[in-house]
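Visitor: Can you keep this structure in mind? I'll have questions shortly.
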């Protein structure tokens with residue numbers, strides 16, 4: 001399996017399975033001198049971890065991260081940062097029924113066909129449990145970006161099923177279990193989740209992630225455009241089936257006179273492009289949206305086949321999220337942070353001394 005790393009200069013490599021002994025990652029390329037403790041990383045891990053809300057899976061993992069290397073006397077050394085989280089609440093017996101059956105809508109069938117075997121306990125490497133290490137690594141990037149450059153990366157739940165938010169109040173996001181910025185929609189989300197639990201079903205969601213304070217100039221055309229790398233990173237999150245930058249697919253219905261973002265001496269007058277032009281950051285907020293599918297781990301019976309190809313039916317047992325989009329909020333933040341951090345380090349290496357006569361707006 002070769003696809004375990006992301007980034008070029010700021011590079012993250014993860015390892016581990018859902019029901020294995022532990023999850024881990026190596027973070028390469030973090031500059032030396034950054035004050036970093038396990039508590040810095042734990043904040044975002046606690047936002048992502050299971051068992052903290054009645055709306056998500058009741059698997060209870062402490063997700064306590066340990067820094068194994070790369071930090072000395074409270075500061076990064078510039079060497080590889082090793083991070084580890086031990087798994088403590090595995091209930092592998094919940095998955096005994098799917099040992100010889102493929103869960104429809106999951107990676108069971110494709111992993112089995114590709115590798116000739118699979119870890120059926122919670123999906124093994126394909127489980128979203130792996131994203132805990134992405135969040136830990138992303139927390140390193142988030143702290144550096146904010147502390148050194150004033151770049152802040154935040155996300156929120158913007159839609160669940162047919163319920164969409166009408167406004168964004170950043171101060172409201174941490175006041176509810178949905179990471180919802182619109183207090184008037186929390187009750188509707190609550191009602192929807194309760195209904196789904198009774199039905200044994202699930203629902204999809206849309207997450208919006210924003211990077212504020214990103215300087216102009218990040219991105220490496222033509223094959224490492226900033227928007228291309230952002231899309232690649234966000235699309236790599238479990239259950240994501242679509243990524244939009246800026247207005248995304250809404251541009252299909254827009255005229256050029258509407259979509260273009262006029263430049264003025266005071267700055268851009270709109271941000272339909274989502275903060276990226278020609279694959280390079282414009283200095284505006286970088287805005288992306290991801291669509292997450294409804295999980296197939298539900299108690300509604302589904303048609304499938306056995307390892308020998310025989311027709312059968314499956315009801316998924318275990319502890320699962322009725323909407324995986326809720327816990328995807330800190331994951332989206334982490335992936336965007338990793339990409340911005342990587343491009344910042346790349347840009348600094350090649351274009352550090354570049355100056356132009358044009359003022360930055």
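Numbering starts at 1 and runs along the chain as it is shown here.
Quick reminder: no glycine exception, Cβ is built from N, Cα and C everywhere.
Straight from Swiss-Prot, here's the annotation block:
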{"type": "BINDING", "residues": "48", "note": "NADP(+) binding site"}
{"type": "BINDING", "residues": "125, 126, 127, 238, 239, 278, 293, 294, 295, 296, 297, 319", "note": "FMN binding site"}
Visitor: If one looks at the chain holding residue 127 (FMN binding site), which residues at least 6 apart in sequence have a CB under 8 angstroms from its CB?
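Guide: Spatial neighbours, sequence-distant, of residue 127 (FMN binding site): 17, 18, 238.
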Visitor: Write out the long-range same-chain contacts of residue 125 (FMN binding site), meaning residues 6 or more apart in sequence whose Cβ is under 8 Å from its Cβ.
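Guide: Counting only residues 6 or more apart in sequence, the Cβ neighbours of residue 125 (FMN binding site) under 8 Å are 1, 16, 17, 18, 111, 119.
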Visitor: What does the structure give for the C-alpha distance between residue 295 (FMN binding site) and the residue listed as 'NADP(+) binding site'? Integer Å is fine.
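Guide: Residue 295 (FMN binding site) and the residue listed as 'NADP(+) binding site' have their Cα atoms 17 Å apart.
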Visitor: Is it possible to get the count of other C-beta atoms within 10 angstroms of the C-beta of residue 293 (FMN binding site)?
Guide: 17
Visitor: If I restrict to non-local contacts, at least six residues apart, and a C-beta distance under 8 angstroms, what lies near residue 239 (FMN binding site) in its own chain?
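Guide: Correct list: 128, 292, 293, 295, 324, 325, 328.
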Visitor: Long-range same-chain neighbours of residue 48 (NADP(+) binding site), Cβ under 8 Å, sequence gap at least 6?
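Guide: Within the chain, residue 48 (NADP(+) binding site) has Cβ neighbours under 8 Å at 63, 131, 132, 135, 327, 330, 331.
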Visitor: By a simple count of other Cβ atoms within 10 Å, which of 295, 297, the binding-site residues in the record, is least packed?
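Guide: Lowest Cβ count within 10 Å among the binding-site residues (295, 297) is 297.
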